[in-house]
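What Swiss-Prot says about this protein:
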type	residues	note
BINDING	Gln87, Gly105, Glu106, Gly107, Lys108, Thr109, Asp499	ATP binding site
BINDING	Cys896, Cys898, Cys907, His908	Zn(2+) binding site
Amino acid sequence: MFAGLAKSLFGSSNDRYVNSIRKIVERINAFEPAMQALDDAGLQGQTATFRARLAAGETLDDILPEAFATVREAAVRTLGMRHFDVQMIGGVVLHRGEIAEMATGEGKTLMATLPCYLNALSGKGVHVVTVNDYLARRDAEWMGAVYGFLGLTTGVIVPNLNETQRREAYNSDITYATNNELGFDYLRDNMKFDRAQMVHRPFNFGIVDEVDSILIDEARTPLIISGPTDDKSELYIRVNEVVLQLTEEDYEKDEKSKSINLTEEGTEHVERLLEAAGLLQGSNLYDIENTQVVHHVNQALKAIQMFRIDTDYIVKDGKVVIIDEFTGRMMEGRRWSDGLHQAVEAKEGVQIEPENQTLASITFQNYFRMYPKLSGMTGTAATEAAEFFDIYKMNVVTIPTNRPIARIDEEDEFYKNINDKFGAIARTIREAQERGQPVLVGTVSIEKSELLSSFLEKEGVAHSVLNARFHESEARIVAQAGRSGAVTIATNMAGRGTDIKLGGNEEFRIEDELKDMPAGPERDAAEARIREEVAAEREAVKAAGGLFVLATERHESRRIDNQLRGRSGRQGDPGLSKFYLCLDDDLLRIFGPDTLFAKMMNKNLEDGEAIGSKWLSKAIETAQKKVEARNYDIRKQVVEYDNVMNDQRKVIYEQRGEIIDSETVDDVMAAMRAETVNAIVADACPPGSYPEQWNVEGMKERVANILNLHPPIDEWMQEDAVDPEMFEERLQRMADATAAEKAALVDAETWKGIEKSILLQTLDHHWKEHLATLDALRQVVFLRAYAQKQPINEYKQEAFALFERMLSNIREDVTRTVARIDFQFQEPEPMPLPELPDFLTTHIDPFTGEDNSADVDAGSLGVIADTLPPMQVPKHDIARGENPYAAMEISRNAPCPCGSGRKYKHCHGAI
């Protein structure tokens, strides 16, 4: 009570913070008349002026008011849109590296142009991150007009771009991209052998659109680049056949944690079935020999009992495609790891793709924390404010709406079962359609959306279905969901990022209806007619109550529910929202106080009857908070474990970068040899031991295996002053001499390339193996809890020990490879001489090598060059200042294609 009274008197901390920004907005507004007075050239010249001021020592905060005013005026001139004051407030929040929570329809896309322009002036680049390719393209094209007018470049990263296009987009002042593309490009860059092949540039400033979706909903899913392993498809199929024969008594499942385990009876049943199928070694399922079979049984059991088609995945074109549980979108290209995807493929009878081994991985949590400054925008972030601060150190600031929200949020309505609920929903929708009110229906799965569709068909209600099966038409369906009497069924995706305008989207209508009509007076008249029709329809829809958002059940997260509500009532429009629930809903069935609900429902409700209660709504909200807390703990645990790998990833990627950028790695190779020699001697001659206790035979064996040396160690042991330091010194000298001999067999540039290649390939191989080991460790370390140990602490200790062992193995393997490298020089096969033009004869003196032929017209030399086989270009091209490879994309550190043996940058690339 007292907190509420204090808030009403003094305002919340959010209100006070927003009010402090209003002073900056007043300064921005003061610049507006001056900006309006400038002609186009003058306004465009502001960019050069700002950059000069930054170069002179001013900060971005110093020029913010004038820069924001410049962008506002540029938007008016290019888009016909003027930033509201609340968008200016949001722009300041984003510039400060915070999260702007802004209601749907308030103009987040336009708001982002303010901090984008300001921060791009530094020349270090700005990334705007969106949830899908459509929004990335749309926003880059739409807002690119503002940036282009002010002299800044805009790029967009979407799938199927080649590396040149990606590099060009990343080098733009402002780059729009999806979170997946950014993450995978980062991982791919850190698998390349040449800096010139990389596409990313250093991180600077990122703005994440729909920040809650990317940094929270997708935080549990790591991005993984993987390579294929052995094909085990036959084993998956046979295990699937075994698991299909199990009954409910054979397993216990926990839907809250999405886990399933065999009972004692189930284990015995599985053992009998596996033995009959010839898949069991011995008689005990849990013998060490059956470890792999146990894993396959567990994954098949999970696939069959816990994963549902049209809810967790769909089968499209003979492939199992994952459905995002939060957005309802297909996640093409994503696969469940650890053999689960293959188990689902076996269940559905489609082709089983080989298992993959992780080559590189990162979570979005750790990827986005690499930005020195990161901000975000969304319509729903307040419920997750604590998580945003704990993990990303980002504050959530709620931006006031430009106009008051006029939407009415009605109490939830409860039914006994799903048939009663869907019947009531269908009748409600029919009534809304009859009065011309558009309805957006939110469902949690494809299965539920198609079930509701069948109910609507029985009621004779015309409607559109938007789910993962039809996502290609998502934007257009959602854009027209505000038309009079329109009924749109959507999974949770609900077209985030696409505004639902009352009366429909006039631009889409013009595009669809007039696509074949050429420009001219007739088209102008048709466009005017459509705009008038849309305006009239908008008023009719407002009179009917605005957009009605009807949800068929509550989601695990209140934030997802709020997102759905937020589709209605944009920019002060009227609207209505309501949730319809029943005991069959997953949230109530799995997390709700089921006994109490069931007793009350069965006692007080007749079939088809509904009940609405604030107490029930409060109970649902309590269940949601429990689920949110559990999911937060899971995400926090993901971060804790991934932080361990992230620290190691930084070290490895930093070392890769240093190797790639170094002109020579001789010092690194010498240090690795020295450490390897020291390790060999230390293992054979432990500190404090006597010579007769040393493992001399083991030392000889390792010296031969790793250093490729056969020194007289037995003779050395007979010397008077024998000690480990003597072995280290002599072996080191011999190993260095061997390496020098190898290097002398080729030219210096070639040897540098060989050393780099050995280092990078060895590093990558061991890092890949290390990732697999960490994955395996993570799967089993939780069992340490039974020994009263903290799994995360155990994981940290073991991961560190594994990392040290990996570094030691890298040093040893690099040293071994260099010691055993062998060169085979082959004479090139003679090339047939080209037929020369009749008018030209040449004579090369066999002793001097001089050309004694007569002078020829320089133009004819090009004819000769054209007749030569590919890549055999006359050497005099360099002298003449010509580079025949200029049009080709060749790395400067790659061998020159002319066959000289030198790097491109020292040969034709130097021209």
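In case you wondered, yes, glycine gets a Cβ from its N, Cα and C as well.
Keep in mind that this is a model prediction, so the values were computed, not measured.
Around the Cβ of Gly105 (ATP binding site), the number of neighbouring Cβ atoms within 10 Å comes to 21. The ATP site, placed at the center of the C-beta atoms of Gln87, Gly105, Glu106, Gly107, Lys108, Thr109, Asp499, has further neighbours from the same chain whose C-beta lies within 8 angstroms: Met102, Thr104, Leu110, Met111. The Cβ of Thr109 (ATP binding site) has Asp139, Trp142, Met143, Asp209 as same-chain neighbours under 8 Å, each 6 or more residues away in sequence.
Each of the binding-site residues Glu106, Asp499 was scored by the other Cβ atoms within 10 Å of its Cβ; the lowest score goes to Asp499. With a 10 A radius on its CB, Gly107 (ATP binding site) counts 19 other CB atoms from all the protein chains.
Under a cutoff of 8 A between CB atoms, and with a sequence separation of 6+ in the same chain, the neighbours of Lys108 (ATP binding site) are Gly90, Ala100, Met102, Asp209, Met377, Thr378, Gly379. With a cut-off of 8 Å between CB atoms and residues at least 6 apart in sequence, the same chain places Glu106, Gly107, Leu110, Met111, Leu114 near Gln87 (ATP binding site), listed in sequence order. Looking at the residues that bind ATP per the record, Gln87, Gly105, Glu106, Gly107, Lys108, Thr109, Asp499, the two CA atoms farthest apart are separated by 17 Å.
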